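According to TrEMBL, the features are:
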DOMAIN    A:58-450  domain 'Oligosaccharyl transferase STT3 N-terminal'
DOMAIN    A:580-636  domain 'STT3/PglB/AglB core'
TRANSMEM  A:57-79  transmembrane segment
TRANSMEM  A:123-143  transmembrane segment
TRANSMEM  A:155-175  transmembrane segment
TRANSMEM  A:181-199  transmembrane segment
TRANSMEM  A:249-269  transmembrane segment
TRANSMEM  A:276-296  transmembrane segment
TRANSMEM  A:308-326  transmembrane segment
TRANSMEM  A:338-359  transmembrane segment
TRANSMEM  A:390-412  transmembrane segment
TRANSMEM  A:419-437  transmembrane segment
Amino acid sequence: MAEHHGSVSDSKHKASAANVGASFSGNGRTSPVANVSSGAERALSTGLAQPAGWQSLLSFTILFLAWLAGFSARLFAVIRFESIIHEFDPWFNYRSTHHLTINGFYEFLNWFDDRAWYPLGRIVGGTVYPGLMVTAGLIHYVLNLLHVTVHIRDVCVFLAPVFSGLTSISTFLLTRELWNQGAGLLAACFIAIVPGYISRSVAGSFDNEGIAIFALQFTYYLWVKSVKTGSVFWAIGCCLSYFYMVSAWGGYVFIINLIPLHVFVLLLMQRYSRRVYIAYSTFYIVGLVLSMQIPFVGFQPIRTSEHMAAAGVFALLQAYAFLQYLKDRLTKQEFQTLFFLGVSLAAGAVFLTVIYLTYTGDIFRLLYTCYIPIHIPIIASVSEHQPTTWVSFFFDLHILVCTFPAGLWFCIKNINDERVFVALYAISAVYFAGVMVRLMLTLTPVVCMLSAVAFSSVFQHYLGDDMKREIPAVEDNSDDDDKRNSGNLYDKAGKVRKHVSEQDKAEEGLGPNIKSIVTMLMLMLLMMFAVHCTWVTSNAYSSPSVVLASYNNDGSRNILDDFREAYYWLRQNTDEHARVMSWWDYGYQIAGMANRTTLVDNNTWNNSHIALVGKAMSSNESAAYEIMRSLDVDYVLIIFGGVIGYSGDDINKFLWMVRIAEGEHPKDIRESDYFTPQGEFRVDKAGSPILLNCLMYKMSYYRFGEMQLDFRTPPGFDRTRNAEIGNKDIKLKHLEEAFTSEHWLVRIYKVKKEENRAPLDHSPRSTITNKQKYTSKKVWFALRCDHPLWVV
Amino acid sequence: MLQRILQSVAVDRRIVPLLKRKKMYLKVLYSLLLVLIFYGIPSTGQKKKETLLSEKVGQLMDWTGKRSVIRMNGEKFRRFVKAPPRNYSVIIMFTALQPQRQCGVCKQADEEYQILANSWRYSNAFTNRVFFATVDFDEGSDVFQMLNMNSAPTFIHFPAKGKPKKSDTYELQVRGFAAEQLARWVGDRTDVQIRVIRPPNYAGPLMLGFLLAVIGGLAYLRRNNLEFLYNRNVWAFSALCFCLIMTSGQMWNHIRGPPYAHKNPNTGQVSYIHGSSQAQFVAETHIVLLFNCAVTLGMVLLHEAATSDMDIGKRKIMCIGGICLVMLFFSWLLSIFRAKYHGYPYSFLMS
């Protein structure tokens, strides 16, 4: 299996490298021609259509192979396990896509889900980015129209791998606009297999990011195209692509800030042109209107602070254009007075705004937005929201992370309008990726592009020279290519190229030996990259996490299917309207697989509700029972990894439950109570007594003390935390064990109904006399108040 | 004083039902006598205590007026904190701020503590129920001995009544010394809610303003020659620096604040590379930054070797230097990565 993949990506790399050589040699050679390009040469080059045909065939082949390699590298999970939806969020997406295909689009938009967030419910239609579901639904519809009958689940599973191919094509297009075709092909190959993107787009990971990266890259491509051409056509295309992006992922905010930033920097660099004006004005207006069509986004684009930069730049651009216009019409004297008046007015307005913002304290909020998540427990508890270590950078990008600064260097050295864009893209994305691990995803495409630029600049000179004499035909064709891509914007780069061309004679002096050594070593690096990507994909990113696998000493594999076992049990053995309480991580899975009502889920919109569940888990049994009664809980589901050593279980997450509960109920829950006096979190005898008697602990370790896993360890030995549990004699009063899966991974408890009227002591009855009548009534009343269901 | 009066009122309340139930005048007289005794006998001591207390509170208020954290030595501690007539809580930070003690944590904790005390001192809800004080080891080492303490900083709450319990000692290890955490703890212990108000940090904006002024000044001085703004090397170099800083995980360092390197206390061996892939040392990120930088430099050199117009010998050296930089530092980086990421199978040149 792995070998197969390796060979695919390797062959692709060889192909790409070969092509890079070809196209680059072309570029290097022909640039002098391009520099003095005129109509005559254009005519000449069109005459030699044959090599151009070869080149595009090669490009098509490479792109196709990149798509194929990207697709097949993402299939590890499907082949090892089965075609199944992974993890947590995809289950919700799958469930809503299912709803969409069964009930139709409008029903989906109006869907009120009463099975989530009991008793609050959730308005799904208005709180999701529908792009993903609509895309999958559409594909399913079209396929069924063609009588290709596939289940919607398979469409969902394979959507992200298919879109990765589209991503690599749009990356190719964007890089071609920025640099040249060779770099574009290299970038397409990089993005097809780079782990930073595979992490979010393996088969089965049916998530927004899978299609959003395609939309992101395509929007950027169309934006660069519209800046280069200044045509409304491309700008409208950009808006439509932006609309798709807004419908698909909240990360569209990145676009709506990066594009204005690009325009702003262009203004600062005095690179204003009519093309920029047309492109941005069209994009802002149409894009704004389109983005407001998504119910979840609504009026945010004109309200919230993260969209204000776009509006500000729009106003600035209009003012600038207006000044340019006036400049032509007015005398210099008039213009100067007008200009100073305008500038002082604008400065005054800005000053007042800043004063106002400072006064209300908003400015600090604006400045320190990136720090806020760290202080909120529910956000901090998600591992994706952590800052990024260098290891994760290297893990996800390998050689690319070391070489992309070189590409950035080349881009800035030969700057033009669109390279300004890619430089800004790189700098902003690298900042965000540093702050939060999950934003590595937005960094990955630009790193691929810039690394491709770096590698292709090297290959251009080290593969090229030998080709010059051998393939003279390529030379002519790519001049055509060059002109087609660059238009009139390549003037700056052209100067440098001219430089290069003068070197041509001297260049031969480097000698074929050095050149071939450099080429070989560079190819070796790329091969190592391909191998690394395959290894990472296979080992780190291809686990469905719904089904676990363990390996025996002899290499044979055990499938641990406890999750689905338990969810299926719930589905078959409980009442259809039973309410299941669990920690929010498992909400989507319970809803998706067990089809039961949940209290909280991964859409963490209501912190106090989550805190209530956390409080129930961290209180003692009777206090928890009160909460569970008030929330109408029928079953409690927990994940316990102590038997097989699964580290992502609820006891390891427990401190977050306590923290979140403490945030809302500081009087009842205190984090420090769950630590030993030395400040440790321990489950053994030395652990704090409050921990040893809380509901989560009791449910996790109920009857675990009777179980001896092997002969070396005492009974009740927790393999995850490597400790013998401290409370082996657990008695449950209000709960009873309903189900425990094969490896004890999932445990389900039934919440007992209130017992029949508690047997009254004899004493109050016997002492009912005339005098005591008043008191006895009160007792009865109190009972009634406490348990309203009892009476009804 | 107040407590005394409360006590006597309680006695009175107890008397009223007695009156109703028993209706015995003798008893009433007796109880009246009792009340008189209660009022009469301790009155001299009472008054003394009352004046003593008000004196103490006045003194403390006076000090708090001057400095929001009262500095105490052994004698003051015994008088105001240990000695019985009290109706106020005292939060004390035991610390060692003298430079020769070399307590870095103490300084940070002290800053947070000052913020907390100031928030309390200047808040609207300020009363004489809680006082903030500090005892430095070099001024009141006898206090440290008395309380049997051997670590600093320590925060202890001395309640108005009784001795400090276990939970009156702040769990520094668990909760950290952020002013907000301290405020919550104080709120728990004394029911005095303090809203921590951090003084806005003017250093950042000031520095920024200063920087802008310098840049503006330079630009003004060199207004005839603004070419340097158009120098692509400067811009490219700063962009590169930013990228390298970010990709080497300096943001992680900034947020998490790891140590520079780890020194094994037993062997004295210093390790610069953290053993786990989940964490990193500052030194390690600097190394990685350098390595990334070297690989980038190698790529640029390779490119320059092919394009620049220097003589061929130099270019050959550049070319070989470039490829060596790329290969050497990349494989070195790979080996560091391999050491951290256990189970990673690949290596190149060096393992």
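All residue numbers here begin at 1 and follow the chain in the order shown.
Glycine too: its Cβ is placed from the backbone N, Cα and C atoms.
A TrEMBL annotation is a machine prediction, not a hand-curated record.
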Problem set entry | Residues in the domain 'STT3/PglB/AglB core' (A:580-636) grouped by DSSP into helix, strand and remaining coil | 33 helix, 7 strand, 17 coil
Exercise. Are there at least 3 C-beta pairs under 8 angstroms linking the transmembrane segment (A:57-79) and the transmembrane segment (A:155-175), leaving out pairs fewer than 6 apart in sequence?
Worked result: yes
Exercise. Would the transmembrane segment (A:249-269) count as touching the transmembrane segment (A:57-79), if touching means at least three Cβ pairs under 8 Å and pairs must be 6 or more apart in sequence?
Worked result: no
Seminar exercise, completed: Quick tally over A:57-79, A:338-359, A:419-437 of CB pairs under 8 Å to the transmembrane segment (A:308-326) gives the top stretch as A:338-359
Seminar exercise, completed: Listed stretches A:57-79, A:123-143, A:338-359 vs the transmembrane segment (A:181-199), most Cβ pairs under 8 Å: range A:57-79
